[in-house]
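Beneath this line is the structure, given in structure tokens, with notes to follow.
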Amino acid sequence: MGFSKDNLTGFILALLSSGFIGASFIIKKKGLRRAAAASGVRAGMGGHAYLLEPLWWFGMITMIVGEVANFVAYAFAPAVLVTPLGALSIIVSAVLAHFILKEKLHKLGILGCVMCIAGSVIIVIHAPQERSISSIQEIVNMATQPAFLLYVGSVMVLVFILIFYFAPQYGHTNVLIFTGICSLMGSLSVMSVKALGTALKLTFEGRNQLIYLETWFFMFVVATCVITQMNYLNKALDTFNTAIVSPIYYVLFTTLTIVASIIMFKDWDGQSAGSIISEICGFIVVLSGTILLHVTKDFERSSSFRGNAGNYTPLSPTLSTRLCSGNGESLKHDVEEGPSSEEIGYFKFTLDDVTIC
């Protein structure tokens, strides 16, 4: 199956999005360090001198440009193609942090980067063609088909159960509660973003879709889902170690988004079994690379810390052990002046995410 013009446009926009967002974290951190040096008070300690630092604002603008590119990418290419490419922002930030911030990238982390790139290439090669849509009514018909309504209903039931039953009791001891809420709502937000982006694309092409109530409904859904995601993602990041939250959130969010897209937009209709299997394998490789990159950063942090103590104390607990542990204070690194390289990319995951600064 050939690579269509729309797929190519979406692919390029997704790459630009990852590049801008990955670089923005490094630029902002440089700005935060510069502001802290000038004022003597770091942002992590309550300082706000970075608001007067041009470099920090340049990083913010870079991030906004990346998010806009990501939003537009969904209007041109299927979520099966765009969403997994969000992992590339982690690679960009990790590599830039290694050379610019002198934050050492572990050898296994390099392997994780290579795996992310290899998996992304496989996904791009076998990605389905973007379905041609001529009006917002077509998207409404897709959103109201029984299979997708069943998916939406299941998601809402699970979200309500997690919020009102599990979150009060287990939210601060099990990382899957808050990240699960973010991921479930995230899959719906991406579907709404794609619908809204397509409507705006048609409008700019001369077929005004803003006159339809459905377009504004999708805008409302986007706002609702994003606000919910922001709330519970912040809770997760405040409660648990970022090195644990980021890969788990990425895996859940990306998987659920692809499932939702397959159901609503029928991305796999007309594809051969070989192409579908190749996409799944590429996706698994990207997930594995992302997890490996995050885990090795945590490993490097722990080993360097304990190495300075001059002993051979065992390293931090395994990932499976930490999933249901407390708030992970033993794993939290010292408060820095801004987002560290371990934190790179977790906001990218929200709309593939939405970025919160």
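Keep in mind that glycine also has a Cβ here, set from the backbone N, Cα and C atoms.
Within the same chain, residues 55-56, 58-60, 62-63, 65-67, 69-70, 72-78, 81-82, 85-93, 96-97, 100-101, 124, 127, 129-130, 339, 341, 343-345, 348, 355 sit at least 6 positions outside the transmembrane segment (6-27) and bring their C-beta atoms closer than 8 Å to a C-beta of that stretch. Under the heading transmembrane segment, TrEMBL lists 6-27 (among others).
Sequence annotations record features per position, and here TrEMBL assigns transmembrane segment to 55-76 (among others).
For the transmembrane segment (82-101), the residues of the chain that approach it from at least six positions outside its boundaries are 10-11, 14-15, 17-19, 21-23, 25-26, 29-30, 66, 70, 73-74, 109, 113, 116-117, 119-120, 123-124, 190, 250, 254, 257-258, 261, 282-283, 286, 289-290, 293-294, 297, 341, 344-345, 348-349, 352-353, judged by C-beta separation under 8 angstroms. According to TrEMBL, the transmembrane segment annotation covers 82-101 (among others).
Positions annotated as transmembrane segment by TrEMBL: 108-128 (among others). Residues of the same chain lying 6 or more positions beyond the ends of the transmembrane segment (108-128) and with a Cβ under 8 Å from any Cβ of it are 1, 3, 7, 11, 77-78, 80-81, 84-85, 87-88, 90-91, 94-95, 267-271, 275-276, 278-279, 281-294, 296-297, 299-300.
Positions annotated as transmembrane segment by TrEMBL: 148-168 (among others).
The transmembrane segment annotation in TrEMBL covers 175-196 (among others).
Residues or ranges marked as transmembrane segment by TrEMBL: 216-233 (among others).
The feature transmembrane segment is assigned by TrEMBL to 240-264 (among others).
Taken from TrEMBL, the feature transmembrane segment covers 276-296 (among others).
Tertiary proximity for the transmembrane segment (55-76) is limited to same-chain residues at least six positions away from its ends with a CB under 8 Å from its CB atoms, namely 6-7, 9-11, 13-14, 16-21, 23-32, 34-35, 82, 86, 89, 130, 190, 193-194, 197-198, 200-201, 348, 351-355, 357. Residues 71, 74-75, 79, 83, 136, 139, 143, 152, 155, 158-159, 162-163, 166-167, 215, 218-219, 221-222, 225-226, 228-229, 232-233, 235-236, 239-240, 244-245, 248-249, 252-253, 255-257, 259-261, 264-265, 322-324, 349-354 of the same chain sit 6 or more residues outside the transmembrane segment (175-196) yet have a Cβ under 8 Å from a Cβ within it.
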